[in-house]
Amino acid sequence: KMSNGSSLTEFLLLAFADTRELQLLHFSLFLGIYLAALLGNSLIITAVACDHRLHTPMYFFLFNLSLLDLGSISTTVPKSMANSLWNTRAISYLGCAAQVFLVAFLFGGEFSFLTVMAYDRFVAICRPLHYGTLMGSRACVKLAAAAWASGFLTAILHTANTFSMPLCQGNTVDQFFCEVPQILKLSCSDSYLREVGVTVVIACLTFGCFIFIVVSYVQIFTAVLRIPSEQGQHKAFSLCLPHLAVVSLFVITVMVAYLKPPSISSSALDLVVAVLYSVVPPAVNPLIYSMRNKELRDAL
């Protein structure tokens, strides 16, 4: 039994499998997903950077989103793969703190960018005549800076709070990366309330962004359905549906992970949900964005 957090030097992550064959299977699956995510996001980053036709607000934000996706999957998956390969579960105390910080930073940033992209779609379709002024290059840089900053603040709040708590329930994290809800389970019960405070604040902000995205989309779809030509409608939908798909996947999985009652918490369910929100979106997002998008496909 640990008396306080200072005596912890490492945490033990959840192992995907006990047998060597299954460990290697997990390693191979994660390697495949990781390489797909690296390839897809690198292609988008390269295409947007190199093709001047893609130097528009929408692709500028997509470029940032791909950077965040690359970062987020690189924070969680390689360590888990390495542990499977070398048949270990350990992660150092600092490594764990770094994972908590980076996951909060990159996911916070990602959600902020998804919100900014909803605003960009809204202006493009509902205020087309003002698009040039509302989404000028200066405005885009400010929006992007705000999105990165909000991720950074979320991360500092979460990390400082989580690791300033005394942990007295051992050092086994029931997840394949260091995730705040799982580390909180190790904290001494009385210090739990403070993190609940931080979680509520962040949940309110997230919910605010989510409502903003929903309201933007209600207005976008109302405007699109008023477009007389079917071709115009099709073009508008093909701009918006990929973004909506990405937002839904991200929001639903994160909400299930963080808001489900502990009573229905099982290691298997937690694991599936964590893979869904931390591993699947970075690998799938490039596909979703490039599938319906002719400009991006031409650039690639």
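Glycine residues also receive a Cβ, built from the backbone N, Cα and C atoms like all the rest.
Automated prediction, rather than curation, is the source of TrEMBL annotations.
According to TrEMBL, the feature transmembrane segment maps to 27-50, 57-77, 97-119, 139-157, 200-224, 236-259, 271-289. According to TrEMBL, the domain 'G-protein coupled receptors family 1 profile' annotation covers 40-289.
Contact check: the transmembrane segment (57-77) against the transmembrane segment (139-157) gives at least three Cβ pairs closer than 8 Å, residues 6 or more apart, which meets the contact criterion. The transmembrane segment (27-50) shares more Cβ pairs under 8 Å with 271-289 than with any other stretch in the list 139-157, 200-224, 236-259, 271-289. Sequence-distant contacts of the transmembrane segment (200-224) (same chain, six or more residues past either end, CB-CB distance under 8 Å): 108, 111-112, 114-115, 118-119, 121-122, 125-126, 150, 154, 157-158, 233, 236-237, 240, 244, 247, 251, 254, 258-259. Comparing 97-119, 236-259, 271-289 for CB pairs under 8 angstroms to the transmembrane segment (139-157), the maximum falls on 97-119. For the domain 'G-protein coupled receptors family 1 profile' (40-289), the predicted model reports an average pLDDT of 87.
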